[in-house]
Structure formats: structure tokens, C-alpha cells
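Per TrEMBL, the features are:
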type: DOMAIN; residues: A:7-417; note: domain 'TRAP C4-dicarboxylate transport system permease DctM subunit'
type: TRANSMEM; residues: A:7-34; note: transmembrane segment
type: TRANSMEM; residues: A:46-64; note: transmembrane segment
type: TRANSMEM; residues: A:73-92; note: transmembrane segment
type: TRANSMEM; residues: A:98-122; note: transmembrane segment
type: TRANSMEM; residues: A:134-151; note: transmembrane segment
type: TRANSMEM; residues: A:171-194; note: transmembrane segment
type: TRANSMEM; residues: A:206-228; note: transmembrane segment
type: TRANSMEM; residues: A:234-257; note: transmembrane segment
type: TRANSMEM; residues: A:264-294; note: transmembrane segment
type: TRANSMEM; residues: A:314-331; note: transmembrane segment
type: TRANSMEM; residues: A:400-421; note: transmembrane segment
Amino acid sequence: MEYWILFGVFGVLMVVGTPIAFSLGIASFATIVYLGRPPVVVFQQLNSGVSAFTLMAIPFFIFAGDLMMRGGIAARIIAFAGSVVGHIRGGLGQVNVVASTLFGGISGSAVAEAAAVGGIMIPQMKARGYGADYAVNVTSMAALIALLLPPSHNMIIYSLSGGGRISIADLFTAGIIPGLLLALALMITAYIVARKRGYPTEPFPGFAKAFQYFLISIPGLLLIAIIFGGVRSGIFTATESSCIAVIYALLVTLLVYRTMTWSAFVHCVIGAVRTTAMVLFIIGAAASFGWLMAYLRVAPILTEAVGQLTSDPLMVLLLINVLLLLLGTFMDMGPLIIITTPIFLPMVSSFGVDPVHFGVIMILNLGIGLNTPPLGPVQFVAAAVGKISIWAAMRSVWPFYLAGIIVLGLVTYIPALSLWLPALFRG
Amino acid sequence: QTVLRSSDTHPDGYPTVEAVKHFGELVKERTDGRYEVEVFHSAQLGQEADTIEQTQFGVIDLNRISIGAFGTQVPEATVTQLPYIFRSADHFHNVLDGPIGEEILAAFDAVDVVALAFYDGGARSFYNSQKPITSPEDMAGLKFRVMQSDIFVDMVGALGANATPMPYGEVYSGIQTGVIDGAENNYPSYDTAGHAEVAKYYSLDEHLMVPEVLVMSKIVWDGLTPEDQEIFRQAAKDSVAHQRELWAAQEEESRAAVEALGATINEVDKQPFIDAMKPVYDKYVTDPKLQDLVARIQATEG
Amino acid sequence: MRSGLLAVSRVLRAVSTTALWLSGAGLVAMTAIVAYQVYMRYVVNASPPWTEAGSIQIMSWFIFLGAAVGVRERFHMGFDVLLYALPPAAKPWLRSISDVAIFGFGFGMLWYGGELAIRGASVRIPVLGLPQTVTYLPIVVSGFLICLFVLERMALRLAGEPVDADAVEPTLNEAS
Ligand code: NA
Ligand code: NA
């Protein structure tokens, strides 16, 4: 019965059009009342769900994106990028994927990445005549690259959940080829969709003009170098880099371009607060919902059911993938890794699946779950930055899902994609 | 038949998790199956601070928790967090198994939980990526990530190092890139978090031996008959020996594992470290009652 | 009656705007604190221990205040699946159901957040030294504001004001 209340109340409220955060919250509230346990826990988890330092990357990158946009940094970067790739159909889609791959090399958070790259790219893509949904979908799927490329704190969680005997260094290297593969698949998809939609192309302006754009955009481009270099050389952490991005954007627009005014600054602050409050409130309510799911043991029950269904290794991997995609729809990545790894890992290990390989499958799979409603934090961030509804994003996301699922299939059934590189590094 | 839910932040198979499961089996057997214990490991129900509140409100029934997570809520328990207060594992066991241990367990009544037994949490030591630490001078200028605890911060400061706040999940990358030089923990955590891969020097200063404690919600406890309460208490006490065995085995295994990863472990002359702790003791042990408790702990043999 | 309601609405508008400005100030303060940590750690090599806990507290304030503002400005995200399927006359009914749910959750934030805040009075937040109550106050205040804002909307709807007359797709309007 309690399972029906949790999912039923949530489903009904969602259909009625109640905001996601409140649907999650009331469903959790109703369930805990039914269970006769003190409801305080729902509101405690609402608060703890947003009280994580690493989540700070969301407001900071969104804020930085707003500053760059209003202060003209973004426009100058895009003018340069446009001069170089503008003659390719959907060129900015490609730029978006490349930028995501770069950011993915310093950040392990897909949500932060969607905020960082989306904050800069989506408004400019819209301004250049790309559909907002296209921009949002490219951003949200490309953000998953951050999960696969090192560093990736989710891989550390996976290693811990697997009993701590899986080398984190191996996991980090194992994600590199799948991460680049995902980038490639998304670039191809972005190109195909752009052709189909007939997105505008612009003639190549010539090397002289492109070089001129390049010079003007140097202060903006330096931001990427500063963030990358700063994290790599240990000056600040990946999460802190989001704050540095804000400070840098502010300095450049105030002192170099002299475009930032007090009123523009206030607009950026208020805009960032609105977007962040909406997204993080959902993340908080999802923590309450996730707590109830843990309390009711939803994931272990479903997971054990998979074990009973079949013992054919390929089928088991397929079923695990499907199940994780479903669970990932409702639950966040960290808790799911913690709950399902101890059950799945021994299962697949008995068929000879390498724990490092399985880790990559799991991260990519649950990553796609970050982009599926009703609970898709990465998609929420991207849609919020793009100022469209999830509904609008969903209608045209299918080709991008397909790309992700094809990569997931390849990674699942070709172990070498994950295991070749770590073996090479170990020598 | 009642299922009691117990939280643990450690993964399945960890000595504390297994000990609470063992406790549950004893309870089930001795109450003829009227009570069962289900352990929610890996912080599924929340981090320690959250689950303490949940236990206090009666949302969950049992909780295996590190004493440090109670912060300063239970002053008698805070004493066990003072740096270098325990000289050795034997000293640690003698104190907790004796009347002082009972006194500390009883002190938890004030915060609406019933403390049933202490488990081993091992000794925490510093590790870093730069060099072996042999004296407080070696600590100077190094950046260590510490838990969010005032005593920890002051301890690291008193040793001349830089206590740096950082989320646990970022410590691995933080050491790798050099944002921080190291952190501190026991062997099993040093091993399973993978930190031995990036911070090779583990220096056995053993600044802290934090007792783990099994607590029950006061609300749930009050609903038990006196006979059942006795069964629960005794079962908890009986699970301690099992936990200590598992713990010792786990420590050995983790030590071997980090050595296999190339970690350099060095012994430390603790006296200069202990001497440096005077300001920390002066700051935190001001109440005469606590001063007396500290004196009695120090006077305990082992 | 109606003019009284509109007067109340103007007051609530001011409350909402104030909450939004406070949230904004929180974001700026958070930026300063994290930058200060990076500077002190890297340049001075003396990390202030309170920055992580402090900035998290501030973030919690601006998220929950902002969430309350979102109820009034209707910028929370949802799926309006049924709205496409049903005739327009159904809209006020669907919105009323949502508003009841929002009120329920807001009230829970106020009530149970209050319980948590009261218990927290005797607990200190490590490193910051503030009572744990501070951690739960944002939920209490936000819950209170959510209740106010949603009651306002329900009253205006009953009075025949066009509170549901926005576009079907939620808008994320710029600050104005
Ligand atoms: Na990454
Ligand atoms: Na999802």
C-alpha cells in the first residue's frame, strides 16, 4: 500500500500540473503519515538535500553565465566560434559539445556542467536562430560527458559501494574513451538534427576577420584557461572554480569591456537566484522522496527481482540497464549507486564482468537517468537556463536519447572500450 | 513481530554493520522472533547528523554512530574526542569497558537516545602526499582536510598545520591536484576511499580513537517492556566482542591493502604531539566535572 | 472586499520582492565567502574553517526564500499534461488542486520545520557555533511565505481575478 501512496500521489499530482517539487514533497509527506512515522524527516531531508557544498556550482555557474551574457563576454566568444564553425550546419551545437568535453575534464558534476556550458551557450544559440529545445537538449546530454571523464566523484562513490577494492585511478581512466565516444555520438546527432531543421549557416568570413574576432574574445576565452589551469594546478577545487568564474566574469565586464552596469548586475543576480531556487528546491524535495524510497527498500526489491528473472549474462546486463534507467528516472545518482552496487556487482562479477567495466556502464546509465523526467536534474537546469518547459524539451529530445543509448549499448557489450586504456596505463 | 530499522553510514560488510546485524540476530533469538533488526547501511537514510535527529524523533529505531557526530551535545562523550586522550587500544578498551564507559553511555539519556554499547572505530592518523610526519614541525604549513569539528580544527592548528574545510567527496581530487596535502582517518577509510593512491605517507600519530556507539531511540525504548529492554542491552553488550574481532581483522586487511598500493607507513613519537595539545585541552576542558573525567581516564591503566 | 483583497495583494508583492532581494544578497555573499576561502588557502595558507558551513547556510536561505517567491511568481516547473487534454474551463480546478497541495507542503515546512528548529536550539553547528535552529529557519520562513502566497492566489481566484490566465508553459520571466 505504501508503495502505491508514494508513487500514486506523485503521479496524480504531476498529471494535474502541480510543480514537480511539490508533487515529490506531498507524495513523501503522505507516505510517511501513512506509515505512522514522524513527518519531520520529510522536511529534514528537504533541507539536507540542498545543504551540500558541491551543489554551489549550480548557482555560481548560472550566475557567471548571466554575467557573461549581459556583459558581452559570451557574445564575443560566440562571434569568434561562429566565424570558425558558422559555415557548418548546427555548428554551435558542435561547439557546445566540445565545450562540455573541456569542462568535463575538470568537473565531475553533470548538473554543474549543464549550468556552466548551458549558461553561456544556450542564450547565444537561441540568439543565432537555433531552437531553444535543440540548445537545451544538446546541453543536457553533453553534460553527461563530465560524469565519464576524470575527475568523477560518482566513480569514487561506486568504488566505495563496491567494497572499496576497485581502483579509483582505473575507474577514472576507464571512463575516458566512453566519454569521448559520447561526445562523438552527440556531435553527429547535433549535426543530423541541425540539417533536418535547416538551421542557418553563415559564410566563412575569412581568416583575417576570424583572427580579429579571436583577439576580441581573448579575455573571455581566458576564463576557460583559468578554470582549467586553476583546478589542474591545485589552486582551487572544481566546485570552487564556479565561484572563480563569477569573479572573473565580473572583473572582465567591469574593467576590460566596461559593459557591466549596476542594473545589469542586479538583473544577473536576481535571474540566477530564480533559476537556482527552482532547480535546487526540486533537488531538495527529491531527497525526501529518495529517503522514502530507501526506507521502503524500493531499489533492492526491484534489483533482486532482476536476479530471479534470468541468468543469461547478456540478458542480465540488458535487464540491469533497463532497471537502472527506470530507477534513475526517480532517484538521484549517488543514492542509486550506493544501493544497487552491492547487489548488482556480485551478480555480474559471477559472469566475469570486470568491476571497472561495470562501473562505467553504471555511471553512463544513471547519467542518462539525470536527463529523464519526472526527476532529471540536469535536464531541469538546462531547461531553466533555456527558459523552456521540460515538456517542450522532451518533445524533441529523442534523437539525443538515442545517441546516449547507442553509446550505452556499445560500452555495455564491448568491454575493451572501458578496459583497454586502464590496462595500457598499468603497463 | 516488529522490524526495527537501524542506520549505519558504512558499507555492507563493514565491522560495525556486521556487528549490528549480529546484535539483531541475538535480539530475534532472545525475544522469540518478536523483534527483528534491519540495517540500512551506506548512509541510505542520511548522514550521521541527520540520522541522529531521526533517532531522536523516533523516525528510525536504532543508529550506529560515531561519537564525534554528537558534537558537543553530550559533554561526557566529547571528552573521548580529545586528541591523544587514549594511549593505546588497550587503554581505550579498559576505559570504555569499565565504570567510565557506563557513565558516558548513561550521559546520552540527556539527548533522547539510549546508548547501548561502544564499538571500535580504530585510531585515526594523518596522511599526506608530501612526506612522512615524524614531529609536529613536519606538519608546519601543510594543508589537511579535517571533519567539520571544532576540536579537530583546533588540534590541527595547534600542530602548526592548516585545517582546510572540504567536502569528503572532493578530497581524492583535492590531494591529487594539490589543493590540499592530506587528510586524516583510520586504515579502513584511508584504504577504501582510495586516498592511499594519491597520499602515500601514512604517519601513525593516532591522534584520535573515536568510539562508535549503538543508540536506540528513547521513544522506541520507552515502548519496550523492562524485560525486553534488558534483552536489548545485553544483546548489544554481547555483540561487542564480535565487532572487535571483525575490526581487528579489517584493520589488518586494510593495512596490507594500502601497503600493496605503495603507502609508506611510519611510526611516530607521540610525546611532542601530546605536549602541543595543552591549549586544546585548556579550551575544551573547563568544567571541573570534565576535568575530573579526563583525569580518571588518564589514570586508567593500559 | 475585492479592493481589500487587492490591497493585501500589493503588500504581499512587496514581501515577495523583499524576499527576492534578500536571496540575491545571499548569492553575492556566498560568492565573496568562497572566493575568500580560495584566497586565504592559496595565497595566505591559513584557511578559515567556517567558509564551507557558512556558505551552505546562506545557500539554504536563498534557495528556500527563492522557492517561496517562485510560488507567487509561478516559476516552479511542472508538466501540464492534462491541461492540453481538457477544455480550458478545467484549468481553475486543476490549479486549485495544485494550490491545495502546495499549501499542504508549505504548511508542513512551517510546522515540522518549526519542530526541527525548536529541537535544534540546544545543538551547536560545528565550527560556526550557531544553534542548529539556524539551519531550519529558512524552511520555516519559506513555508510561512508559501502558505501566504498560495492563500492569496486562492482568494483572488474565488474573487474572479484572472490568476490562471498565464501561458500554459511555465515562464521564467526575467527580473522586472
Ligand atoms: Na569529469
Ligand atoms: Na531521471
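Just so you know, glycine gets a Cβ as well, placed from its N, Cα and C.
Automatic prediction, not curation, is the source of TrEMBL annotations.
Beyond the ends of the transmembrane segment (A:234-257), by six or more residues, the same chain brings 53-54, 56-57, 60-61, 63-64, 67-68, 70-73, 106-109, 112, 115-116, 151, 219-220, 223, 226-227, 265 to within a C-beta distance below 8 angstroms of the stretch. Sequence-distant neighbours of the transmembrane segment (A:314-331) (same chain, 6+ residues past either end, Cβ-Cβ under 8 Å): 286, 289-290, 293, 298-299, 302-303, 306-307, 340, 344, 347-348, 351, 353, 361-362, 365-366, 368-370, 372-376, 408, 412-413. Residues of the same chain lying 6 or more positions beyond the ends of the transmembrane segment (A:171-194) and with a Cβ under 8 Å from any Cβ of it are 88-90, 93-94, 96-98, 100-101, 104, 130, 134, 138, 141-142, 144-145, 147-152, 155, 158-159, 356-357, 359-360, 363-364, 396, 399-400, 402-404, 406-407, 410-411, 417-422, 425.
Counted over residue pairs separated by six or more positions, the transmembrane segment (A:206-228) shares at least 3 Cβ pairs under 8 angstroms with the transmembrane segment (A:98-122), which defines the two as touching. Per-residue confidence over the domain 'TRAP C4-dicarboxylate transport system permease DctM subunit' (A:7-417) averages out at a pLDDT of 87. At the 8 Å Cβ threshold, with sequence separation of at least 6, the transmembrane segment (A:98-122) comes into contact with the transmembrane segment (A:46-64) through 3 or more pairs. Within the same chain, residues 137-138, 140-141, 144, 173-178, 181-182, 185-186, 188-189, 193, 314, 317-318, 321, 353-354, 356-357, 360-361, 364-365, 368, 371 sit at least 6 positions outside the transmembrane segment (A:400-421) and bring their C-beta atoms closer than 8 Å to a C-beta of that stretch.
Within its own chain, the transmembrane segment (A:46-64) is flanked in space by residues 25, 107, 109, 111-112, 115-116, 119, 153, 238-239, 242-243, 245-246, 248-249, 268-269, 272-273, 275-276, 279-281, 283-288, 381, 385, which lie at least six positions past its ends and keep a Cβ under 8 Å from the stretch.
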